[in-house]
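Asks: The active site annotation in Swiss-Prot covers 110, 246, 276 and is backed by sequence analysis. Feature annotation from Swiss-Prot assigns region 'ACP-binding' to 247-251; the stated evidence is sequence analysis.
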């Protein structure tokens, strides 16, 4: 019997960076105001690229040296797809020539990558099989650029992993996927009209968030799902090498570390440079750490997300 493992990670971000000072030219804000509240200094904005373009770049990097025909599954976690249909994953499939892959998008907002990784691990049962799990977002197309409470938070980007079913021992050790639909009103984007014939299709509703309620939710529920995940695996908090949290707000990450009574050094952050990239953030962070040699084979890692739904998720993996 063989088991699934993360064989490779990758990321892709536009080179076009927008600083806090740049934003202060178009809205009432400042570098100090943004950094103090979020830890964000800059974010990447994709000017001429769709979500699928970012995901395709990641997929091509992940499949370098691999046979695309051997890919069984492609999941793209996103809340900003190119279109309602076709799925972004189908566009990725066509671009990389993975003609044998089942393809679909998964929408769980900023928990999406952790959700998708868990789904892929459970679906990938063929020995030697491969899956692409990608988080990709172009949230710059969804935010209201006159609303400083949300526009300053988000950036565009993509990250992903190649999952292979070829390990001789389990690498995906436990997971917790939670949803709290009664809290849905606190974070929303892209609503369509409830009327059947409202006239021509217009722009989707912009991103809206009750920041205070989301902060309270994240700082309470993320420690809960992480603790439950580790209890399921029989692993202690101190045994984990890295906690890769959704990069929404530096203050949230610090507070989660504090609630778990763990050193902040175990909770790396790159939000200062990239902002909140939603479903892409954990994958981007993992790929960046792997490139720097800070996340290595054998490391015990928790991936955790939280976001719209509201949702919270944690996955314990051995790299």
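Quick reminder: no glycine exception, Cβ is built from N, Cα and C everywhere.
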Asks: What does DSSP give as the helix, strand and coil breakdown of the region 'ACP-binding' (247-251)?
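Replies: Counting residues per DSSP class in the region 'ACP-binding' (247-251), I get 2 helix, 0 strand, 3 coil.
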Asks: Please give the sequence-distant neighbours of the region 'ACP-binding' (247-251): residues at least 6 beyond its ends with Cβ less than 8 Å from one of its Cβ atoms.
Replies: 37-40, 110, 153, 214-215, 218, 269-272, 274-277, 281-282, 284-285, 306-307
Asks: Give the distance between the Cα atoms of residue 246 (active site) and residue 276 (active site), rounded to the nearest whole Å.
Replies: 8
Asks: How would DSSP class residue 110 (active site) in three states?
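Replies: Helix, per DSSP.
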Asks: At the Cα level, what's the spacing in Å between residue 276 (active site) and residue 110 (active site), rounded?
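Replies: Each residue's Cα considered, residue 276 (active site) and residue 110 (active site) end up 9 Å apart.
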Asks: Fewest other C-beta atoms within 10 angstroms of its own C-beta: which of the active-site residues 110, 246, 276 fits that?
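Replies: Ranked by other Cβ atoms within 10 Å, the active-site residues 110, 246, 276 bottom out at 276.
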